Structure formats: structure tokens, C-alpha cells
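Some notes on the structure that comes next.
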């Protein structure tokens, strides 16, 4: 509710400002009446809100007057209640409005006037102060409200006087409904007349700041206030002693009752009775008593009958004095806060002034804009009239142009008929020419179709020729593969023939050696039998002959087993050779097929270009095959050279013989066990050569996994050297044929039986070594 009241007051305030600046007097009065009614409603409901609102809307000049008028009142009237507001309202209703030339009352006059009516209201119940001299909590609250209403009454009286005076000076007589407790600051600000009050005719008036509590009035001020003709001109006996009522606010309720009795006696008699001497001695009225009262006061002080009552009253006065001092301090603090509020009000008024100036500038700008709009509107009207005239001229021109166009169209229709006849004749001729051209086009289309069919036939013939060429190339490739196979088979056959020749030579040598050994053994037997028969010991030669025959039988069995192993390894070699050859043939055919598929799937943009490209690709393939054949032939020659070098190296190193024990006559020779153990000799060959040389060894070990070698591994000096194609394997330092020869039979003649057995063992081991060398050569 407080916010709504403030907002409504602000809106009314702005409206009244605008009306004061730009409106007429009747509307201004109406708005002022509305504001006064609204503020009256706020004073009736809010209590203490209306005086603050009246203070906030006063002008800076009025705020200076109100700073003097808002002196904190003493709170000695505990007996005053809510009736003060009614008394003030009745006071302002009964008070006649001052005329146009009447001067405003001073602060002391207005305060004395309000205190008089407050004292009249309090006179009906003088026993309230006797019942509760110290003041209960409810009584103190009523005293605060009474003092607040009293201060608000002073402010209202001054604001009403200022408002009425400003309205009269502006030439407007204020209506009766505007005499309320609130004013408007714009009236005081717009007031530019003479000051509110001039000095009286009797002399200058000493009108200083409002008295602060405790206040002591000087004697000459009291005499001037009493002898002031304005108090006597009021027509009421209560204004003759205004200074007594001014100081009633500083006297406690007990003295207020005595003062009221004193005033009553003073009004009824010319020489009033004096007040109590103790009260005048200790209260603030002791310095303000008139000279006519001093004699009765001194006479009253000499009486000793009421001493105890006076002492009690003096204690009560002292207590009230202390309480009033505390109230005075509190009221001084309130005065400081009200001064701060007044400063804020001044700032607010300056802000309102700035806003009003801004509003004036806006109104000037709006007036300029309206003038500019008016000129632009006039200009637009003239432009519209000009455009309407121009549009009228254009319509007339359009009508004349339409008339001319209609006449021209009639003439054009007459000429167009002649043109149509000519065009019909020309179209007939063009149709005949078109039919002739269509016949020629049909003939050309037939010729084009014939040429297309001929081209298709040629393309088919070209495709057939290309297919025949591709088939011929495939056949040529197959024949070349067959030729390569034949060449490889011939080379293998040559190698086999060489191996067979070597084997035959070895067999011949072995046969001759065995025959020689047999002859030597027989000769030894005969020689051994002859000395035995002569000596008569026939048991030992028979035993030696039996032993030798058994050894011979064992050797023959070993030889037969080795021969069987040799034939077996020859068969395996041939099988591996054939399988390797077939794998190479399959790889060659797969490469040829891949080349043919690439050639077939290659794009052929045109028949002639495809035929030429086919020829070129065929030539390239022939060249590639020739280069491949040359490379293979070079590899074969290189391998043959390596084989020859290895053979020569094996012949150069005759001193390296391999010793190894014989195993039972089974299948696998000891060569491959030695190859598995002696891997140090492979360091001189490349990785590819090692792989090709290891292939047959892996095959043989896979085929015979269950066979266990019995022969011990050869020493590290014995190492295999394989050829580049992996077709043959030879030991690094093979023994020469001379090392394989048996010892001479003559050397065994003079030896004993043990020596002969050792020699036979050595011969057998040499034979086994020769057989292993032969098997390696064959492999």
C-alpha cells in the first residue's frame, strides 16, 4: 500500500508540474484538489506518513522554514492522546483563512496557537498526570503520538499558509477543499514575489532560529513578545501571554496543572496569584516569570507549612527534568536525521528540476519535429498533386497512343494478308524441297547402314584374327615351354649319363679293387696255411681262415647294402628332379596364362590400334621369353662352373679323409647325418644356395623320420657344398681316387693276424667312404 501511494503521489506530482508550466489555471486547481484528497486519505490511514510526505514535496525555500518549525517538542504531555488530531482539525476548520494582504504568523505564534488547543483538550482530564506521574508504557506511547501530531500540526499550519499565499500572489484564489495538511513544492518554487512577511510598523522583529531544548528566553525577548501588538490584535485573550504557553512544553504535568490554574486566575483577576515557589525556583519558568509575580512568589516561599509536599514535588521535578533531558537528546538525534532527509529532499528537487528541464528540451524537440513533419507533409501534398497531374498527362498520352496503334493495326492487317499469300507460296516450294531432301537422307541412311554392317564384319574378322593370333601365341608359348622342358630334360639326361658313367667307373674301380683284395686275401691264406702245416699247428690257420671268411661275408653284405642304398637314392634323386621340373613347368605355364589374361583384358580402343598393340605385345612377350631363356641358360652355365670348381677343389685336397664306423646294412647312408651336423661349411654360400641345398636333405629326413643314424658325425673340417641348382651335393674336401686305393698286398705279407685285421678294417672304412662319396656325387 505504501508503494502504491508513493507511485500515485509521484504521478500526480508530475502532472501538476506539467500543468503549472503549460496548462491553464482551472486544470491546475483540479489536480491540486485531487492531490490534497489523496494525501488526506494517506494521513487518515497511515498516521505518521502524511507529515513526511508533506515534508518531501516542499520547496527548498519552504524546507528552510520547516527546519525552524520542526523543533522537537518535550514529552511532558502524557495526558494527550488521539484527541490532538481532532483538536487540530477543529482548530484549522474554525480558524478563518487569512485575507490577501494578511501576514503569516511566526513560528512562536503558530506553536502557541496549537498548544492552546492542546491544553484545552488536556484540561478535561487533569488527573491523568496525578495518577501516573512517572508515565507507564501505554502513557509514554500516547505522549509520543501526541507530540508527533503536534509537530505535524505546526508543519501543516505553515504549509497551508504558504500555499494560500502563493496561490493568492499568482492570481488564483484557493478553493475551500485545498486547505488541508499538505502543500505542493512547485507553487513555492514558482513564487517570485516579495518575501512572505514584512517587518511590522512598530519595529524590526527578532525572528531567529527555532529554540532548542532547554531554551531560556531573555527578558527583553519576553517583554517584546508580550508587548507585541500582533498578540493583542488577535481578538482572543489567549494570545496575550503566548510565551507562557510556549514554555508549557518544557514543564512537567504537575506544573501544567498549576499553570492552568494560574492562567485561569490571571484571566479572571488583574493581579493573578503567584505559582509555587519551589516549582518556579527549579523549573525553567523561574527566569521567565513576569515582574508582577515576583512579590507573591517570595511571600509564598516564606511559608513553612507545606515543606514536605514541596520536597516531594522537587524530587518529582528533578526526575522529570532528567527524563526530559534524555528525551531532548533523542529528539536532537531525530533532528539530525530529519536534516539528512531534508538534504535528500533537496537533491531530489534538483533531480526533479533537471528532469523538468530535460522535459522542456524534449517538448521543444517535439515541437520542432512537429513543425518539420508539417512542412514535410505540405511538401508531400504538393508532390502528390504534381504526380497526379503527371499521371493525368500520361493517361492522355496512353489513350492517344492506343488510338494510333489501333489505326496502325488495321493497316498492318491489310498488308499482312498479302504477305500471307506470298508466304503460302514460299511454304509450298519449301515443302517440295524438304521432300527431296528427305529422299536423299533416306538414301544416305541406307549407305550408312551398309557401311556400318561392313565395319561390323571387318571388326568380326579382326577379332577372329586377334583370337587366332592369341591362340597362336599360346601355342607358341606352350611349344617354347616344351622346348625349355626338353632342354632341361636333355641337361638332366646328360647329368644322369655323366653320373652313370661315374658310377660305372666307380663300380669298375671297386670291382677291380675287390678282386685285388680277394686275390691278396687268398694269397695270404695260402701263405698262412703253408707255415701252419709245416709247424704242425693247424688249429690257428683254420680259425683265422674262418674269421676272415666271416669278415669277408660281412663286408660283402655291407657292399650289397650300400649298393642297394645307392640305387634307392638314385631313384629318389630322379623323382625329385622330375617333380622339380614339373613344378617349374607349372609355374611357367601359370605365368604365361597370366600374361595372356592381362593381354586379353586390356582395353582395345579401335580394331586397327588393338591389332597393332597385339603385335607389339606379342613382340614384347617374345623378347621377354628370349631374355628369360638367356638368363636361365646363364644360370645353368654358372652352376656347371660352380660344380667344376668344387670338383677341382675336392681333387686338390686329398689329405682330408673322413673316418666313421659302419652301421648295419639298412637303408640310409651316413652322409645326411654328417650334413645335418656340419653346418659350418655353409658360410661361404648365399642364403638362396643354402635353401636349395637344404631342400633334398629336408625331403629325405621327412621321408625317413624313424631311421636313426648310427654313424658318428664327421669332424668340423668335413662340410657339404651344394651347387646353385641343388641338383648335386659334394663334400667340401673329397678324397681323391688315389686315397681310395687299397694298400698293396705285399705289405700285408709280413704282418701278424691283428695287423691284418686292422688293415682290413681300414680298407673297409675306405671303401665305405668311397661309396658315400659316390652317393653324394649322384645326389
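First residue shown is number 1, and so on along the chain.
Heads up, the Cβ atoms here are built off N, Cα and C, so glycines get one too.
Going by Swiss-Prot, these are the annotated features:
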type	residues	note
COMPBIAS	100-112	compositional bias 'Basic and acidic residues'
COMPBIAS	141-152	compositional bias 'Basic and acidic residues'
COMPBIAS	160-169	compositional bias 'Low complexity'
COMPBIAS	177-193	compositional bias 'Polar residues'
COMPBIAS	196-213	compositional bias 'Pro residues'
COMPBIAS	298-308	compositional bias 'Low complexity'
COMPBIAS	530-539	compositional bias 'Gly residues'
COMPBIAS	680-690	compositional bias 'Polar residues'
COMPBIAS	725-740	compositional bias 'Polar residues'
CROSSLNK	347	ubiquitin cross-link
CROSSLNK	408	ubiquitin cross-link
MOD_RES	107	phosphotyrosine
MOD_RES	759	phosphoserine
MOD_RES	762	phosphoserine
REGION	41-215	region 'Disordered'
REGION	101-307	region 'Required for interaction with CDH5'
REGION	263-308	region 'Disordered'
REGION	522-543	region 'Disordered'
REGION	679-753	region 'Disordered'
MOTIF	776-779	motif 'PDZ-binding'
SITE	107	site 'Required for interaction with MAGI1 and ACTB'
Model confidence over the motif 'PDZ-binding' (776-779), as mean pLDDT, sits at 53
The rounded CA-CA distance in Å from residue 408 (ubiquitin cross-link) to residue 347 (ubiquitin cross-link) is 87
In all the protein chains shown, the tally of other Cβ atoms within 10 Å of the Cβ of residue 347 (ubiquitin cross-link) is 10
One finds that other Cβ atoms within 10 Å of the Cβ of residue 408 (ubiquitin cross-link) number exactly 10
